[in-house]
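Working notes, structure below.
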Amino acid sequence: MIEARDVSVDIAGKRIVGGVDFDARPGEVAAIVGPNGSGKTTFLKALSGEFAYTGRIALNGHNLSSMRPAEMAVHRAVLPQATTLSFPFTVREVVKLGLVGGRSGALPGEDARLPERALARVDLDGFAGRFYQELSGGEQQRVQLARVLCQVWAPVLDGKPRYLFLDEPVSSLDIKHQLIIMNIARDFAKRGGGVVAILHDLNLTSMYADRIFVMHRGRLAATGSPQDVLSDDLIEKVFDCRLRVGVLPAGNMPFVLPQSSVY
């Protein structure tokens, strides 16, 4: 489990995240949503150990501030918003970087085949020999996800859940691949791991998230299930946009259409 209590982050003397309480449980997808500049990525970087913070964050019972990077890498893998490479790596070489720590959790002898298996999962079968720089933005994003999957291939290792931290994992993808990637996240959670994902698409969030954490001006504005959180009033307050939230009869699933704008 990931637990964060009263977490704040200051950058260049300015408070970006203030007093946030958060928890991510194994077996669920936790989505962080909010407008641009609300502190989502900054908070995720604190959760992943990249940014300094005040307050307390625990990862599987361990105080995050006392964990070494190699130790954190066993428990969680991070997909950033964007990754730039300056050298002509092949796709397979990029994906293999996820195996550097040697704790993928794959069965003995399977590590050598993991890059190809991970690429197949993100619908890039046959791309291993291509150069990374030759790919489109969406293809590069999926290569990076394959790398991350190799790092924590087994969602549970030594009896402890592992976590995927995904910062806008579908931002560059067409609708088919958005669904593929979100199904990968859901499957990872179903098999005992946990997922923390920053998302902008409220409909995908409603479809896949077990709980939503809504950030606004560096603080949490709401927390709960999609049914509890997504409402006309909250969207107007947080996103400064008057939209009507509909509900699908099957599963009581909320949805939001831009055509419902009531300006």
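For all residues, glycine too, the Cβ spot is worked out from N, Cα and C.
Marked as domain 'ABC transporter' by Swiss-Prot on the basis of sequence analysis: 2-242.
The 10 Å shell around the Cβ of THR41 (ATP binding site) contains 20 further Cβ atoms across the protein chains shown. The secondary structure of THR41 (ATP binding site), as reduced to three states from DSSP, is helical. Annotation comment: Swiss-Prot describes GLY34, PRO35, ASN36, GLY37, SER38, GLY39, LYS40, THR41 as ATP binding site.
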Extra residues within 8 Å (Cβ to Cβ centroid of GLY34, PRO35, ASN36, GLY37, SER38, GLY39, LYS40, THR41), ATP | MET215
If one looks at the chain holding PRO35 (ATP binding site), which residues at least 6 apart in sequence have a CB under 8 angstroms from its CB?
-> HIS216, VAL238, PHE239, ASP240
